[in-house]
Amino acid sequence: MAEINCTQVTEFSLTGFTEDPVTQVTLFLVFLLIYLFTILGNLGMIALIRASPQLHSPMYYFLGNLAFADLCSSTVITPKVLVDVMSEKKGIAYAGCVAQVFVFDLFGMTECFLLAMMAYDRYMAICHPLVYPLVMSPKHCFQLVTGSYLVGLTNGMGQTIGMSNLSFCSSSVIDLFFCDISPLISLSTSDTTLSHIILRTSASLFGVSSSLVVLVSYVAIISVILGIRSAEGKRKAFSTCASHLATVSVFYGTSLFMYLKPSSDSSREDKWATVLYTVVTPALNPLIYSLRNKEVKEALRRLTA
C-alpha cells in the first residue's frame, strides 16, 4: 500500500561541504584548479601521444584511453560540484542523477580494466619479450581496449537498470556531492534486492577479475626482476613499469580506502574520501607519467623544442 501511494521524486537534494562563505569560495577555487589541471593534463597527454611517433606503442595506446576515461568520469561530477559549492540550493534532477550513475560507473569500470591491460602489457614486455610484438599487436590492443569499454558499458547499464527499479518516497536527500549507486540504494523505499545483486555481482565479477590481472602480472614481473643479476638490469626493468605501478597504487589505494574503510559516524570524512577518489585521482595520472616517465618527458621536449 505504501508503494501505491508513493510519489516518485523528480529531484534529489545534495548535501554540501560547508555553509561558511569563505570556505565555500576556497573550495570553489581548489576544485576549479584541480578540474582545469585534469582537463589540460589529460587532453595534453592524449595530444602528446598522438603527435609523438615514439609514443605509438601499446603502453601509451592504453594510457591515452585511460586519460580519456579520467576526463569523462571527472567531467560528469566536478562541474556540478563547482556549481553546488557556490549555490544555496544543491539539487540534481532525477534524469541528471541517472546520467551521473551511468557515466561514472561506465568509465570507472573501464579504467579498472585499462589498468589491468596495462599491467598485462608490462608483464608481456618483461616476462615474454620475444613474443611481445605478436601478442600486443595493434589489432589485439584494439580488441583489449574495446573489451574494456564494453565491460564498462555493461557495468554502467547494469547499475542504471538497478536504479530504475528503485522508488524514492520518504526522502530525496543524498548525503554526498554527486549521485552514487550505493547511497541511492540506501535511500530507496522499495525492494533493493535486485540493485544489491547487480552491485555485488559487478564488484565481484569485474572489479575482482581486473584486480587479479594486475596482481598476478606484477607478481610475475617482480619475480623476473629479482632474478636479474645486475643492479643496472633490475633498474631498467623496473623503470619500464614504475609509472604504471604508481598509477595503479593511486587508483586502487583511493578506491579501496573509499569502499572498504569502516563506516564512519561522520559523513564529512566519507565526503572527503570520495573527493580524493572522484576529483583528485583523475588529475594525478598525467602528473605521474609526465614526472616519472623518460619517454613522455623526451617526447614533450621534442615537441616544445
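The backbone N, Cα and C atoms fix where each Cβ goes, glycine too.
Automatic, uncurated: that is what TrEMBL annotation is.
Annotation source TrEMBL lists transmembrane segment at 25-48 (among others).
Taken from TrEMBL, the feature domain 'G-protein coupled receptors family 1 profile' applies to 41-289.
Taken from TrEMBL, the feature transmembrane segment covers 91-116 (among others).
Under the heading transmembrane segment, TrEMBL lists 166-185 (among others).
According to TrEMBL, the feature transmembrane segment maps to 205-228 (among others).
The transmembrane segment annotation in TrEMBL covers 240-260 (among others).
Look at TrEMBL and you will find 272-291 (among others) tagged as transmembrane segment.
When each of 25-48, 91-116, 205-228, 272-291 is checked for Cβ pairs under 8 Å to the transmembrane segment (166-185), 91-116 comes out on top. With a cut-off of 8 Å between Cβ atoms, the residues of this chain six or more beyond the transmembrane segment (25-48) that come close are 17-18, 55, 63-64, 67-68, 70-71, 74-75, 78-79, 81-82, 85-86, 279-280, 282-283, 285-287, 289-290, 296, 299-300, 303. Sequence-distant neighbours of the transmembrane segment (205-228) (same chain, 6+ residues past either end, Cβ-Cβ under 8 Å): 109, 112-113, 115-117, 119-120, 122-123, 126-127, 151, 154-155, 234, 237-238, 241, 245, 248, 252.
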